[in-house]
Structures are given as C-alpha cells and as structure tokens.
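Contents: one structure, followed by commentary.
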Amino acid sequence: MSNKKLILKLFICSTIFITFVFALHDKRVVAASSVNELENWSKWMQPIPDNIPLARISIPGTHDSGTFKLQNPIKQVWGMTQEYDFRYQMDHGARIFDIRGRLTDDNTIVLHHGPLYLYVTLHEFINEAKQFLKDNPSETIIMSLKKEYEDMKGAEGSFSSTFEKNYFVDPIFLKTEGNIKLGDARGKIVLLKRYSGSNESGGYNNFYWPDNETFTTTVNQNVNVTVQDKYKVNYDEKVKSIKDTMDETMNNSEDLNHLYINFTSLSSGGTAWNSPYYYASYINPEIANDIKQKNPTRVGWVIQDYINEKWSPLLYQEVIRANKSLIKE
C-alpha cells in the first residue's frame, strides 16, 4: 500500500513539474516571439503595450521627408534628404515625418524644402499614410507640419486655417492631446504642430522651436520636450550634440512625461563632399553603432536623412530595437 502511495505521489509531482517546464518554455517562446515582432519593420509597434506614451517609445523618423522626387543634380546636392518615397520610408520603420509646406494660389498645400518645390502635395502624403495605416492598423504616423515658404500670390486665408479646414478635418487625424498613448494613436495620424495660428486641438501643440539649437520646451500643458536640431554646425559638433542628447535620453529612460527629439541631419555645404547624403553616410552608421554598443532601453525620437539599407549598422533598426524593454514577458 505504501509503495502505491509513493508511486502516486511521484506521478503527481512529475506531472506538476512537466507542466511547469512547458509553461515556462511557452512563456519564453511568446516573449521571444514578441521581441522578434519588433523586427517586422512595417508592424514593429504591434507588440508594444497600448498604455505606453508615444513620448516613451524610441521612434525613427525622416528629415524633410518629401524630397525624394528632386531630379536636378544641383538641387539634389542642396536639398535632397531622402531618396525613397513615403511608403518605402514607412515600410522601413519610419513613423515620424517632417512635412514642410507652402500654401498655393488654389488653396492647397504643396511640399517645399526652403524655396525648392518638391513635386509632392500634402494630399499625397496623407493618402499614403492612410493606406499604410489601413494595411498596418497597429501603427501610428506622427506628422510634423511646418510652414516652410511664403504663400503664393493669390492664396486665400492662411496656411494654418487652410490646413485645419481642408485637411485636419479628416478623421484619420487624432483629435486628442495630453501625453498621447500608443493605444489611442494606433491607426491615426498624430499632428505635431510647427506652424502658428492654430485654432484646433489635437496632437502636440504650442511648439516653441528656436533655430539651430538644442532646447527644452513644454507642450500639451505637461509634456516636456527636449529637441536637438543643430543643422548649421560643423561635423564634430553635430555628432557630439546627437550623442549628448541621446545619452541624456538614455539616462532619463523612466520619465514618461519627457519627450526627446534628436535630429541627425546636417545642412548642405553645396558640394557632393558636404551634402546631406555625404554626411548621412557617416553619421547614420556611427550613431547606430553607438546605440548597438550601449544597448539602451530608450533613445527617443531619432530623425534621420536617407533612410535606406546602405550603411551598416542601420540606424532605424537600432532605434526600433531599443524598445525591447517595453515588451512584457
């Protein structure tokens, strides 16, 4: 009788142990699978919990996102910062888009880089973003909008009123503010307003954006924002500014109410040897390698020139991988 009881106890214990081992294995498989989902670049936001603020997520973006249609070699040296279209940028992980516009005489907004017309309209960008979000509803698109050049003669109204009456009314735009969480932003375009005269709420408002500086400001009442946007400096100063801001971001990784925006772009000197492309070919892999070596839990919003697959390690991929700490096991 005692032998039977002993055998029964051993059987029960072994069953419990095997169940525990399989449960632990399944948990690890699920966790590993979730982390691996970060590397599906068109859907990398999917495994990140809904309650995480966008300000806390490390997000890659593109500087002067609409310059990819420039064909003239001289204009390319001066003004081209992206070689691939919006959908390519989105499919390769970019979720922040630096959109700069001009109001036309038919009261539409077209994209500009300084005085350069980019042969792209704001409608084109919004439609591309809508299609991408329809295909990938787990994602969000952050659209930074700035008035880049004086209105055309004959334009009626203002840049801000035209945008808000003719574009922002689209339900694709998130109309809430505050410290926006990913769950509220999925499937939406989140507006970051770099233009003045706004009468509408929604997105990130009231930006004070001094030129060629690193600065800290407050938006949406209680969200602190540090921006590094030095673009008219020498190469060494630029790289130092990027790394200093990134180090501050890493050291402040648990502050959910502080957003860090870090531009890696440098303005053109007018030749092939000091063009945005030339600078990006060195800066992008250097910053990517710095992230890879430090293995941080947060690097902020990193806005780059020339998102592509040319210069290893790839900056946008290292930025996205910094989010692995946000994925719950």
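Any Cβ shown, glycine's included, is placed from N, Cα and C.
Not measured: the values here are computed from a predicted model.
The following features are taken from Swiss-Prot:
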type	residues	note
SIGNAL	1-31	signal peptide
DOMAIN	51-194	domain 'PI-PLC X-box'
ACT_SITE	HIS63	active site, proton acceptor
ACT_SITE	HIS113	active site, proton donor
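Taking the Cα atom of each, HIS63 (active site, proton acceptor) and HIS113 (active site, proton donor) are about 10 angstrom apart. Cβ neighbour count for the residue listed as 'active site, proton acceptor' (all protein chains, 10 Å cutoff from its Cβ): 26.
Every protein chain considered, the tally of other Cβ atoms within 10 Å of the Cβ of the residue listed as 'active site, proton donor' stands at 22.
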